[in-house]
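> Below: one structure in C-alpha cells.
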Amino acid sequence: MTATLQQRKSANVWEQFCEWITSTNNRLYIGWFGVLMIPTLLAATTCFIIAFIAAPPVDIDGIREPVAGSLIYGNNIISGAVVPSSNAIGLHFYPIWEAASLDEWLYNGGPYQLVIFHFLTGVFCYLGREWELSYRLGMRPWICLAFSAPVAAATAVFLIYPIGQGSFSDGMPLGISGTFNFMIVFQAEHNILMHPFHMLGVAGVFGGSLFSAMHGSLVTSSLVRETTENESQNYGYKFGQEEETYNIVAAHGYFGRLIFQYASFNNSRQLHFFLAAWPVIGIWFTALGVSTMAFNLNGFNFNQSIIDSQGRVINTWADIINRANLGMEVMHERNAHNFPLDLAAGEVAPVAISAPAING
C-alpha cells in the first residue's frame, strides 16, 4: 500500500488574511464590513462610557450656560447623558484637532460628535456585514433589509434632524431622560403626534408586538406532543429535525374560527414575511417622517379649525394639543429664547391706535 501526501500550495500573508476575514468557519464572522465595524463601534462605546461617567458640563445652547450630563457631576443612570455639541459649533465637523485645547473640545461637546459619527458608521457596517454573511452562506438578503429600519431611525435622529435644524445641538442626547426631553421638544416644535408617518410607525411597533405575541401563543398552543406530562415540552424538539414542531392546520383552524377564516394565514412563508414586513415598514415611515420634520414639514395643524356663526372658536382636541405644545416650547431652552418661535413669528399687534401729542 502506498500513501501519497499532497502538499498544500503556500499562500502569501495577504491571501491568508483575506481567507480568514471572509471565512464562515470563524466563531464570529468578521467580513470586510466587520474590518471597519469593529474599530468604529469600539471607539463609540469607549468614548460613550468615559463621557457618560466623567465628561464636564457642555455649553449646549451656545450661551455660556453649561449643562452637566455625566455621573461625577451629580447625575444618575436615569438623568445622565452625553450632551450634544454646542450650538456655537452648529454643523461644523468638530474633531479633537479642531479645538484649541482638550478643555475647549469637552466644553463644546466634542465627545457627542465622536460617538454618533463612529456609532452610525458602525451600524451601517453591521448592516453590510449582515448582507455579506448572508451572501457567503447562500441565504436570501432580507435580514439586512429588516435591520435597515432601526438604522434609518438612528440616522434620522442623530444626523438628518440636526442637519435640517442647522446644529448638532438639536440631535438626540445620549441618555434616558435626554431621549425623553428630545421627544417632548420634538412634539412641541413639530407636532409629531399629528404626523401620518408617525402614526404608521406606532401601528408598526404596536402591531408588530401584537402579531408577535399572537404568533408565539398560537404556535406554543398547537405543539405536537412528543413528551410526557412529567417532562418539559421543550424536550420534544431536536435541533435540525425535519418534522414540523407544531400543527399549523390546528393553529389556522383555531384562529380562523376565533376571528374569521381569511384573518388566518394558511401559508407559513406568507405569515413570516408579514411578521417581518409590518414593523419594518412602520419604522421606515417614522424615520421618513422625522427626516421631513427635520426641515420643518410638520404634523397636521387643526388649531382653531371650528368656529361658530359669530366667528368664535369652538375648541377641539387639536387646540388642547396646541396649548400643550406651546407650554412645552416655552419650557425648553428658557434662557435662549424670549418667546416660543410660534409666538415670536406672528404678525405685529398694534398696542395704540394713534400716538398722543406731546406739547413741550
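Cβ coordinates come from backbone N, Cα and C, glycine included.
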> Quick test of your reading of Swiss-Prot: among 118-133, 246-261, 342-357, where does it put transmembrane segment?
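In Swiss-Prot, residues 118-133 carry the label transmembrane segment.
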> According to Swiss-Prot, Ser264, Phe265 bind quinone; so which of His198, His215 is the extra one listed there?
His215
> Compute the C-alpha separation of His118 (chlorophyll a ChlzD1 binding site) from Glu333 ([CaMn4O5] cluster binding site), stating it in Å without decimals.
28
> Ranking 118-133, 142-156, 274-288 by the number of C-beta pairs under 8 Å to the transmembrane segment (197-218), which range is first?
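The stretch with the most contacts is 274-288.
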> Could you state the whole-number distance in Å separating the C-alpha atoms of His215 (Fe cation binding site) and Ser264 (quinone binding site)?
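Cα of His215 (Fe cation binding site) to Cα of Ser264 (quinone binding site) measures 10 Å after rounding.
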> Just checking: which of Asp170, His198, Phe265 have a Cα that is within 10 Å of the Cα of Tyr161 (site 'Tyrosine radical intermediate'), counting only these binding-site residues?
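The binding-site residues passing the 10 Å Cα test are Asp170.
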> How would DSSP class Ser264 (quinone binding site) in three states?
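Coil, per DSSP.
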> Near the quinone site, what residues other than His215, Ser264, Phe265 in the same chain have a C-beta no further than 8 Å from the centroid of the listed C-beta atoms?
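Not counting the recorded site residues, we get Met214, Leu218, Ala251, His252, Phe255, Leu271.
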